[in-house]
Amino acid sequence: MEPSAREPLVRKTSSSYRTFPRSAGKRLDKEYLRSLHNERLYLAAFAAVLGNFSFGFALVYPSPVIPALEAQPSPALRLDQHTASWFGSVFTLGAAAGGLSAMLLNDRLGRKLSIMFSALPSVAGYALMAGAQGIGMLLLGRVLTGYAGGVTSASIPVYISEISHPGVRGMLGACPQLMAVLGSLILYALGKQGQDPPPYHAALAGLVLDWRWLAVAGEVPVLAMIVLLCFMPNSPRFLLSQGKEDEALRSLCWLRGKDTDYAREYEQIKDSVRKQNRQVSCAEIKDPFIYKPILIAVGMRFLQQLSGVTCILVYLQSIFKKTSVILKPEYDAALVGLVRLFSVAIAAVSMDKAGRKILLFVSAGVMLVSNLTMGLYVHFVPASQNGTIANKTLVSAANLPAEPTNYITLIPLLATMFFIMGYAMGWGPITWLLMSEILPLKARGVASGLCVVVSWLTAFTLTQFFLRVVEAFGLEVPFLFFAIISAGNILFTGCCVPETKGRSLEQIEAFFRTGRRSFMR
């Protein structure tokens, strides 16, 4: 499994393995594709992205739980509008704190150990929510699971990017988002809204869980992640940055396979690390090689959250209850989850073929049309047809009748489905992938943490004020705002985002270092 001596390995070469394609436009030949079929690489990626599964599960936990806790007979656990707003938003505040700590953890512990560390607050948070006797325990549990999500948000994309082969980095880079979507979908499928399942749902009563058992179920992927990561290697780039050359060579051999020319890739990574094997200094931040990719990554994460995706996912069932679509809110949420999963899978398959930028353009365009449609529908369709009460009181919608009076109420469901589809095909997975691709190695740990902090502070602000804006101005106002942001996403993509399809991390760094677009051709 591991090389016994370094020198023979360095001499080993194979014409069947080309780490860096000679031309971005040249189709990978069969031998090159065979070199990507080392199952260990995909096992390492799977072990890491279980953390994203837990993150997606925890993020949308309030969607079925808020309506259930609003109807709680116990006053100590019953949510009102104010506490429901905090229950939905405080997760993102914990995620921002996790991203802040990841600035230190990524460079001190390494990517793999940072991911494993996130299991501690995650397990504690789920345990607090499962055994909650009051709202304080629920909020603390949300903060801890959010903190764990912030650490994994900064660590997992970097780990995946650094262990991936350039030929499949786009596909593997979409896996964190894919697993987060799958975690959300499982939560929607398992979540039981209210106290008892309806009579016609009795046959499935054993398949749904109340809010306490949902928290217990959240522990399972975290524990599986810890066990699997114990057997996975650390990132070769991180090991080289720590001066552990032999261990880095063994790690790359494990990830690529003994019968490939991994030694040449090792030398290229080593050369890149040698050029920037120091922590970034304040003076170096003025260097375009450092600040340009950081500004692009931070800007993308900021715009990603401003598009409203976290608000929509957290309050999804309440929004559907309010607009009284033709299906029950919990079924609508599960249907949207399926659409999201399907869309991320499409992005994962097409990212290394179509390219990042074209998917970002399509994604932002679909989000723009969807948000605009939703905002105009809520504004112009009379309350008697869309089933709302003066288009306000989103939280108390848990107690409103859910029977639609007109098939026009399919519009908000379809608009939300297309919004999630657009987001999941581009601005969801690609934002995470580009963050890990374009950030320079010497600043990757700190800058990825900064991106997560900006992202989740933005998400906290939006989720905290979303209900208040709806209460004061109506549901159409935030959706029209999200439409304007989506238009800004199109402009940002065209002006600022580089195409990284088929490029090695070293080629991308050379592009920002020199400004020569020949490195990106």
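Every residue gets a Cβ built from N, Cα and C, even glycine.
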(Q) transmembrane segment per TrEMBL: which of the ranges 83-106, 323-346 is that? (A) 83-106
(Q) Is it the case that the transmembrane segment (410-434) and the transmembrane segment (83-106) touch, counting contact as three or more CB pairs under 8 Å in which the residues of each pair are 6 or more positions apart? (A) no
Q: Return yes if the transmembrane segment (211-232) and the transmembrane segment (41-63) have at least 3 CB pairs under 8 Å (sequence gap of 6 or more), otherwise no.
A: yes
(Q) Under 8 Å for C-beta pairs, could you tell me which stretch among 41-63, 83-106, 139-160, 172-191, 358-378 has the largest tally with the transmembrane segment (446-467)? (A) 83-106
Q. Which one, 139-160, 172-191, 358-378, has the most C-beta pairs under 8 Å toward the transmembrane segment (479-497)?
A. 358-378
Q: Using a Cβ cut-off of under 8 Å, list the residues of the same chain at least 6 residues beyond the transmembrane segment (83-106) that approach it.
A: 58-59, 61-62, 65-66, 69-70, 113-114, 117-118, 121, 135, 138-139, 142-155, 158, 310, 314-315, 395, 444-446, 448-453, 455-457, 459-460, 463-464, 466-468
